[in-house]
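Engineer: I am attaching a structure below and will ask some questions about it afterwards.
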Amino acid sequence: MSPQTETKASVGFKAGVKDYKLTYYTPDYETKDTDILAAFRVTPQPGVPPEEAGAAVAAESSTGTWTAVWTDGLTSLDRYKGRCYHIEPVAGEETQFIAYVAYPLDLFEEGSVTNMFTSIVGNAFGFKALRALRLEDLRIPTTYSKTFQGPPHGIQVERDKLNKYGRPLLGCTIKPKLGLSAKNYGRAVYECLRGGLDFTKDDENVNSQPFMRWRDRFLFCAEALYKAQAETGEIKGHYLNATAGTCEEMMKRAVFARELGVPIVMHDYLTGGFTANTSLAHYCRDNGLLLHIHRAMHAVIDRQKNHGMHFRVLAKALRMSGGDHIHAGTVVGKLEGERDITLGFVDLLRDDFIEKDRSRGIYFTQDWVSLPGVLPVASGGIHVWHMPALTEIFGDDAVLQFGGGTLGHPWGNAPGAVANRVALEACVQARNEGRDLAREGNEIIREAS
């Protein structure tokens with residue numbers, strides 16, 4: 001063995017702290033179709049080279065530790081280690097870089113979003129060598145996505161269940177979100193559904209509080225939607241929030257919803273957790289329930305531009321874990337969301353095959369194969385005058401959800417629902433006739449009123 005080879009071979013076995021880039025930075029690596037690929041926005045500490053920072057992320061999210069251990073010799077490090085295979089600077093940010101990391105598929109348990117995130121983001125984000133770290137995107141290989149059930153039903157099956165085609169669906173979050181009795185809550189549900197909405201919704205923090213226990217709410221809401229169905233001849237739904245303190249309690253609520261014969265339940269998938277969400281999604285498919293997903297707590301994870309995780313990653317994870325709807329921003333409402341970036345992850349939710357497009361924040365081509373699609377929900381600070389823009393931006397396969405935009409109508413809940421339904425149908429008809437919603441939107445709404 002030459003002295004040079006001997007030195008390189010022994011580096012990994014010296015006592016003390018080692019440089020990660022010696023083992024985990026591999027710019028010559030050619031990614032495999034079966035690799036999970038990750039794009040991290042890395043902000044190294046001053047004096048830390050980007051190659052070392054990227055390699056540290058690859059190491060700490062796969063097989064690495066801070067020093068050499070003798071048990072490395074009992075397995076194949078080359079087979080199981082993550083590899084930082086490319087680094088590029090971020091335009092306009094001198095201290096930030098995009099580090100691309102490839103993970104062998106054998107590192108991950110089949111059908112487990114929980115295990116995937118525990119590995120990829122579970123430990124590396126607290127690493128000293130990094131000032132900040134953000135997971136921008138993941139490429140999920142088809143060999144891994146096929147181990148997931150995904151959404152309980154998907155877009156086409158939902159439309160068939162509801163017998164509603166050719167337009168976005170309309171929803172409303174019942175307000176005030178907290179404080180109503182179950183009977184008054186059910187009354188508001190009835191008025192909104194009777195007025196023309198397809199769905200009403202529990203807010204994310206409506207679970208089973210002293211002022212309104214979950215069983216009472218479920219009963220009054222079921223009564224309301226059956227009454228509205230009888231009067232309108234349309235299938236109606238209310239998102240009954242099954243989120244609870246334990247998985248057992250969550251499943252008990254979902255079972256009761258099924259016994260009532262309602263079409264849809266709801267879950268807060270980030271606060272409830274991916275294990276609970278996947279369990280509920282499996283139950284919903286087996287028992288014919290649609291599953292609405294709220295993303296409560298997402299901004300804690302995704303709002304900072306240089307640290308955390310972009311929502312497109314959470315959206316991909318939800319499609320794998322399971323949900324038929326998920327809140328996805330509005331572009332035009334009160335909550336943050338850039339149009340191109342929002343439409344990028346909307347396509348990741350709905351479409352089967354999405355090409356890489358950095359202008360929309362999509363770092364990798366994603367092929368979902370046969371995994372059902374998820375309806376994006378536009379909700380948050382929107383009202384009837386936003387209808388033309390929402391119809392143009394989201395197209396037909398979306399849920400447009402107006403809370404205050406329905407219940408804030410000066411004539412009451414039912415007239416507010418009527419106004420939204422009339423505006424939606426006017427916008428869809430105008431679009432189908434070739435009119436320009438962006439330019440003529442307000443005029444179209446005035447004509448309909």
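Cβ atoms are placed via backbone N, Cα and C, with glycine included.
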Engineer: Which of His86, His325, His327 shares the substrate site with Asn123, Thr173, Lys177, Arg295, Ser379 per Swiss-Prot?
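Structural biologist: Candidate listed by Swiss-Prot for the same site: His327.
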Engineer: Taking only same-chain residues 6+ apart in sequence, whose CB is under 8 Å from that of Lys177 (substrate binding site), what do you get?
Structural biologist: Asp203, Asn205, Val206
Engineer: Filter the recorded positions Asn123, Thr173, Lys175 down to the ones within 10 angstroms of His294 (active site, proton acceptor), Cα to Cα, kept in sequence order.
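Structural biologist: Of everything listed, nothing lies within 10 Å of His294 (active site, proton acceptor) (Cα to Cα).
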Engineer: Starting from Arg295 (substrate binding site), work out which of the recorded positions listed here (Lys175, Lys201, Glu204) have their Cα within 10 Å, and give them in sequence order.
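Structural biologist: For Arg295 (substrate binding site), the recorded positions whose Cα atoms are within 10 Å come to Glu204.
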Engineer: Please give me the CB contact count at 10 A for Asp203 (Mg(2+) binding site), counting all chains in the structure.
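Structural biologist: That number is 19.
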Engineer: Using the Cβ centroid of Lys201, Asp203, Glu204 as the reference point for the Mg(2+) site, which residues of the same chain not in that list have Cβ within 8 Å?
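Structural biologist: Surrounding the site, in chain order, are Thr173, Ile174, Lys177, Asp202, Asn205, Val206, Tyr239, Asn241, Met266, His294.
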Engineer: Rounded to a whole angstrom, what is the C-alpha distance between Asn123 (substrate binding site) and Glu204 (Mg(2+) binding site)?
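Structural biologist: Given the Cα positions, Asn123 (substrate binding site) is 29 Å from Glu204 (Mg(2+) binding site).
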Engineer: How big is the gap, in Å, between the Cα of Lys175 (active site, proton acceptor) and that of Ser379 (substrate binding site), rounded to a whole number?
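Structural biologist: Approximately 13 Å lies between the Cα of Lys175 (active site, proton acceptor) and that of Ser379 (substrate binding site).
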